[in-house]
There are 2 protein chains.
Amino acid sequence: MKSDKISEAVVRRLPVYLRYLNELHKREVTTVSSQELGQKLDLNPAQIRKDLAYFGDFGRKGIGYDVSYLIEKIRQILKLDQRINVALVGAGNLGHALSNYNAFLKDNMKIVAVFDAHPAKIGTSINNLTVQPMEELERTVRDNAIRIGIITVPDFEAQNVANQLISAGIEAILNFAPIILKAPAHIRIHTADFTTDLQSLAYYLDNGKEESAHEETQVDG
Amino acid sequence: MKSDKISEAVVRRLPVYLRYLNELHKREVTTVSSQELGQKLDLNPAQIRKDLAYFGDFGRKGIGYDVSYLIEKIRQILKLDQRINVALVGAGNLGHALSNYNAFLKDNMKIVAVFDAHPAKIGTSINNLTVQPMEELERTVRDNAIRIGIITVPDFEAQNVANQLISAGIEAILNFAPIILKAPAHIRIHTADFTTDLQSLAYYLDNGKEESAHEETQVDG
């Protein structure tokens, strides 16, 4: 299992599989086929089988995947069986929204500290965390073994915040500012700019209309 | 140019290319190579050349891509040269954050209406838009030719909101609730659950550490 053989696209799909598998598990479904996964997740079943085969031989022909086993495996692969501490920088609306996300409390991944550069924000409380000044970033990251940083500051402040996170020892950044951050190659950066999601949706708008005239409408699920 | 030949992964990368090309254009850079794009965007240059080749022969050997021309082409492909109206449902922190995103005001894609089911939110103002009750959704969507809906309500309300958006005539949905929505096949749904971004980042944490011991650190950009 070499990381450099697995494309980012595959790694990004694993949490999506995991989310649906958890949903199946809650409904006490014990096995699932790649066809069913594909239909639910809008992906080609062959693609799903290929993705999961990177990590081992999980499926059984004619039966499908064991839901519990696959959940456990994907959690291991994504290292969600470890405790991972996260710092959030930017205590605005988006920062509030993210820190309230209840999904966070699962999987041992947790925002343990919130920072902001603006005096009016410092000392206020978000989701039981007190907003700290940027001057405390380095010490807090070290003392709490924080490994991931989330950036929700305005774009013109984002590169500066990224630099501070990196020099504090952060290994990966989830960036919500609509700019491309510069960072050393060993720092992993994902940009979660929702405008790119919207723009890729626009691509499908007219096509959807043309196609729906030719196709029968299928109701999924 | 048939939509069914182009994978979603490619369509999702186009806005990322566009964002960086716009940045180059602002800096008055006129040509860019796939190598440079790849380095900036953490993608294989061959992948980038393949992605762009789906849409036509944009590059010139030894010179690279013409920045302005590529911007224009990608905007056409993504239909960003059309005006597209968007409705937002859910006037909480995330809804506020999204509607304030200044990137929205570019590219003719705009949130033109905000809805919420909760009496305390209705009538309040977000970014110069008055929050409307859900009862007005259908009429407003029709009167404003709204084609995309953004869902930022809690997970237990999301499916209900999706159903209302779809019956009002929405063609595509960007869903921020951490659940998988059911919808007819002709409705395009992207789920922008940021927890999947975080989970896929976790995958790289230890690998990064192991690799950085063997590799020289490269500074990007």
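Just so it is clear, glycine is given a Cβ too, placed from its N, Cα and C backbone atoms.
Some features that TrEMBL has for this protein:
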| type | residues | note |
| --- | --- | --- |
| DNA_BIND | A:16-55 | DNA-binding region |
| BINDING | A:Gly90, A:Ala91, A:Gly92, A:Asn93, A:Leu94, A:Gly95 | NAD(+) binding site |
| DOMAIN | A:79-180 | domain 'CoA-binding' |
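A map of TrEMBL features onto the structure.
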residue: A:Gly90; record: NAD(+) binding site; Cβ contacts under 8 Å, 6 or more apart: A:Phe115, A:Asp116, A:Ile150, A:Ile151, A:Thr152, A:Val153, A:Val161, A:Phe176
residue: A:Ala91; record: NAD(+) binding site; Cβ contacts under 8 Å, 6 or more apart: A:Val114, A:Phe115, A:Asp116, A:His118, A:Lys121, A:Thr124, A:Ile126, A:Val131
residue: A:Gly92; record: NAD(+) binding site; Cβ contacts under 8 Å, 6 or more apart: A:Thr152, A:Val153
residue: A:Asn93; record: NAD(+) binding site; Cβ contacts under 8 Å, 6 or more apart: none
residue: A:Leu94; record: NAD(+) binding site; Cβ contacts under 8 Å, 6 or more apart: A:Thr152, A:Phe176
residue: A:Gly95; record: NAD(+) binding site; Cβ contacts under 8 Å, 6 or more apart: A:Leu88, A:Val89, A:Val114, A:Asp116, A:Ile126, A:Ile150, A:Thr152
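Contact annotation for chain B: of the listed binding-site residues (A:Gly90, A:Ala91, A:Gly92, A:Asn93, A:Leu94), A:Gly92, A:Asn93, A:Leu94 place their CB atoms under 8 A from a CB atom of that chain. A coil conformation is recorded for A:Ala91 (NAD(+) binding site) in the three-state DSSP classification, outside any helix or strand. Secondary structure of the domain 'CoA-binding' (A:79-180) per DSSP, as helix, strand and coil residue counts: 36 helix, 31 strand, 35 coil. For the DNA-binding region (A:16-55), DSSP puts the residue distribution at 28 helix, 2 strand, 10 coil. For the domain 'CoA-binding' (A:79-180), the model's pLDDT averages out at 90.
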